[in-house]
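K.L.:
Attaching a single structure in structure tokens format; questions to follow.
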Amino acid sequence: MRAEKKLIHALTMWVRRQPPKVKAFMAVVSGMAALIFLRFVVHDHDNLFVAAESVHSLGISVLIYKLTKEKTCAGLSLKSQELTAIFLAVRLYCSFVMEYDIHTVLDLATLATTLWVIYMIRFKLKSSYMEDKDNFAIYYVVIPCAVLAFCIHPSTSHNLMNRIFWAFCVYLEAVSVLPQLQVMQNTKIVEPFTAHYVFALGVARFLSCAHWVLQVLDSRGHLLVALGYGLWPSMVLISEIVQTFILADFCYYYIKSVFGGQLVLRLPSGVV
């Protein structure tokens, strides 16, 4: 076990010594390798989306345990939960009027638990809420997402407002975790349950991104045509990739912490 820890520590130190361009290249190569692995292992790529929703639900289950057993919401961002509730509510509406399927049921369950988390933070556990650390101005993301959705949205035959709503929830989901990352950057120390939750979000976002990328590859680009014309198909992929890379740095330090046997995650300055 000590030999494994020494090897991991040596590998970690080697990666940290590399220039930013090399780190970026290694991240891209690792992501491509993971996509290739998933393409051969998972035959029905729709399962990746279901898996993403399941992992997200698992992360919320960790939050529920933290809030009910630990009786504290310290380290959690109320604003991130509110942004999550907004995009889930909008996506649920769009799903009902545009494509009602298994994703609708999953979104409904996730929205219900997210609203419960918001209720706990706002009322039951308000005394432990770190409001001074949760200082991200959410209008910095809500307004740009709304403007972008108005300008770039699906070109399908659905009602115009429904298409704008759908684009809005796609864009907002991509950046909804930013307030949570801001809280962790402000505190520098992330306790285990919050770290598990954010890592679950990172895994869920990667699986969702892999689902879209593999679907595009398997359809030889026809999926992009089915999504409509103009910039919208590209914006869907970009949004998936952005939300994956937003959490990539945190996931790296989380894995490093777990293999290093540390229960509490300490983040260097500028990580998130």
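Each residue's number is its place along the chain shown, starting with 1.
Glycine is no exception: its Cβ is also placed from the backbone N, Cα and C atoms.
What TrEMBL lists as transmembrane segment is 21-42, 104-125, 137-157, 163-181, 193-214, 234-255.
How buried are the listed features, and what sits near them?
P.N.:
Tertiary proximity for the transmembrane segment (137-157) is limited to same-chain residues at least six positions away from its ends with a CB under 8 Å from its CB atoms, namely 79, 82-83, 86, 163-168, 170-172, 175-176, 178-179, 227-232, 235.
Counting same-chain residues at least six beyond the ends of the transmembrane segment (163-181), those with a Cβ under 8 angstroms from any Cβ of the stretch are 76-77, 79-80, 83-84, 86-88, 90-91, 93-94, 98, 134, 136, 138, 141-142, 144-146, 148-150, 152-156, 198, 201, 232, 235-236, 239-240, 242-243, 246-247, 250, 272.
If one looks beyond the transmembrane segment (193-214) by at least 6 residues along the same chain, the residues whose Cβ comes under 8 Å of a Cβ in the stretch are 34-35, 38-39, 42, 45-46, 48-49, 51-53, 55-56, 58-60, 62-63, 65-66, 70, 75-76, 177, 180-181, 184, 236-237, 240-241, 243-244, 246-248, 250-251, 254, 257, 265.
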